[in-house]
Structure formats: C-alpha cells, structure tokens
Amino acid sequence: MIKQASFITSSANKSNWIDDDVSEICLIGRSNVGKSSFINSLTNNNKLAKISNTPGKTRLLNFFEINKGEYRLVDAPGYGYAKVDDNLKIQFAKMMEEYFINRRNLKGVFLLLDLRHKPSNDDIMMYQFLKHYNIPVVIIGTKLDKLKKSEYVKNEKMIKETISFYQEDDFVKISNLNKTNIIKCYELIDKLLGSK
C-alpha cells in the first residue's frame, strides 16, 4: 500500500538525479496512455502527477518519494508523440538509455499500454529493449473501462502477440476511473522491490 507520496524533483541530467540507495520503480508509456492518472490512482492523490493537455511536453524524469523514503516512483516522459521534433526525441532516447542501463536504484519498470489499441513500434521497441537488458518489466494495460467485456481477452491477446510478450512477465489490466486492479499493482511493486 501507498500511505504517503510526495514530489521530490524533476531532472533530465544524470548529475541531478538523486544519489542514494533508495529503490526505484519507473513508469513509462506513450503520450496520453494514462500514466499521470495511474500515478494519482496508485498514490490516492489526484494532484500528485500533473495531467498535461500537451502530449510530449514533459521531457524530464519526475521523482516521487513513497512512504517516507521506502522507495520512489519515477515518472518518465511519454514517448511517440508525432509533433515532438527529432532533437527532443534523441535527447529522450539518450536520457532513458542512461537511466535504464546504468541506474543502480532501478528495480523494475511498469510499461503502460492502452488496451484499446495495437501497440506501436515504439511500444514494441521499449518492451524488447527492457527485455534485452534483463530489466524486470510489468505490462500495465490502461483504460479497461473503455472496453466492452467481450474485448478483454481478445485485446490482451492482441497486445501480447504484438509485443512478443514473455510469459514470465506480469500483465495487469487497470482502470484509473474505478481503481480496477490497483491493489494488484501494489503487490507487483512489492515483487519488483524484492527481485534484485
């Protein structure tokens, strides 16, 4: 459970990342996948992560303290927004590569995918990148409330096939609107924190 959550800092530069031994779980996904809403649902604080009306605007890693230093959530910039210029895309790729490969605090990643849509090439590349570097990853399928019940199994199958899902990974379907499976996400955070 998350009893306390607070914003600490934002930074794109490794030299400004927090230098300690506190474990981190990173959240990443396409622009408008519902990442900020998911953070707010997890922390039960609708004002913690700002929900941007401008996709692709955030280019920083946002660090949130959880349970007074027990661990941190790290909110990564949304990717895949077409109107972001190439220089920003390159900066984003370099920052995330540096964070994922060299950040010793990182214990795992929640990769958010919209359950309504087939994963993009960016989604596939992100998942395969994390698998290549043996970074523990959980797939969080968002916007469950937007699906008909008849689509639940079909859409999950479509996503798993598209990204070449590894069966050892966890796949959770959530709704930020009605908090479906948020408790399951707490369990998976605990699992990731104990995995390395």
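Cβ coordinates are placed from backbone N, Cα and C, and glycine is handled just like the others.
According to Swiss-Prot, the features are:
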- 29-36, 56-60, 75-78, 142-145, 174-176: GTP binding site (BINDING)
- Ser36, Thr58: Mg(2+) binding site (BINDING)
- 21-195: domain 'EngB-type G' (DOMAIN)
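Features as recorded by Swiss-Prot, highlighted on the structure.
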residue	record	Cβ within 10 Å
Gly29	GTP binding site	25
Asn32	GTP binding site	18
Lys35	GTP binding site	26
Ser36	Mg(2+) binding site	21
Leu60	GTP binding site	15
Pro77	GTP binding site	23
Lys143	GTP binding site	21
Ile174	GTP binding site	25
| message | Check the DSSP secondary structure of Lys143 (GTP binding site), expressed as helix, strand or coil. | response | coil
| said: Measuring Cα to Cα, how far is Gly29 (GTP binding site) from Ser36 (Mg(2+) binding site) in Å? | reply: 10
| query | Secondary structure at Ile174 (GTP binding site) (DSSP, helix/strand/coil)? | reply | coil
